[in-house]
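Some notes on the structure that comes next.
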């Protein structure tokens, strides 16, 4: 297990950086690397845990033998429930436990290094500005407070799915940034676009980045997160993200 091989964060900024790194690794495990993660969680093995590491990687491993452990431990035995649930529900369950673990690690560091009321509040606000892992992997990522109400309302009132266009138009829109609503003002369009969240890493939309939309789950992804370039996307008629591709294979 990881022990304390990484630098120990001591300031609010360092603890938040540690949090973001671990979070990115966990999101990767439950989205772009989900097939690899699924196969590593063999129910025939002993109690396994999913660890997110500060360097944005992840690992499935046995819990540490040290008692009490140096850091709070993630949920034990996630592999035992794998075959007794729908894959989607199992991934969601692991995501919820992973969110809880991230918070416990962050505030463990806060307690260890004597964070006061204001420091704890600032740390929580920084963490709370990011979507939870559960929100990212289930496609329910929340935007910032001033955008969430209008943005989520407009999405829930949509007609349930993208309109069907010609194949050439579909291919073009697939590589475009998250779509704007034509009947909204320019400012609202900008807010809606900025509020879009990558289904893999959970980060918000950036105007200078290439994005692609999954035709199955209709989530948007950074091209770099799903290893798709603009040139490659030109030749894809119907794109499916790693999670949807894996789900289809599991059901086959």
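The chain as shown is numbered from 1 upward.
Just so you know, glycine gets a Cβ as well, placed from its N, Cα and C.
Look at Swiss-Prot and you will find 149-161 tagged as compositional bias 'Low complexity'. The annotation compositional bias 'Acidic residues' is assigned in Swiss-Prot to 184-193. What Swiss-Prot lists as phosphoserine is 176. Annotation source Swiss-Prot lists region 'Disordered' at 141-193. Positions annotated as site 'Histone H3K4me3 binding' by Swiss-Prot: 205, 211, 215, 220. The zinc finger feature in Swiss-Prot is assigned to 195-247; the stated evidence is sequence analysis.
Feature map: annotations from Swiss-Prot on the structure.
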| residue | record | DSSP class |
| --- | --- | --- |
| 205 | site 'Histone H3K4me3 binding' | coil |
| 211 | site 'Histone H3K4me3 binding' | strand |
| 220 | site 'Histone H3K4me3 binding' | strand |
Just to verify: the residue among 205, 211, 220 with the fewest other Cβ atoms within 10 Å, which of the recorded sites is it?
205
Taking all protein chains shown into account, the Cβ-based neighbour count within 10 Å for residue 215 (site 'Histone H3K4me3 binding') is 16
How does the model score the zinc finger (195-247) in terms of mean pLDDT?
81
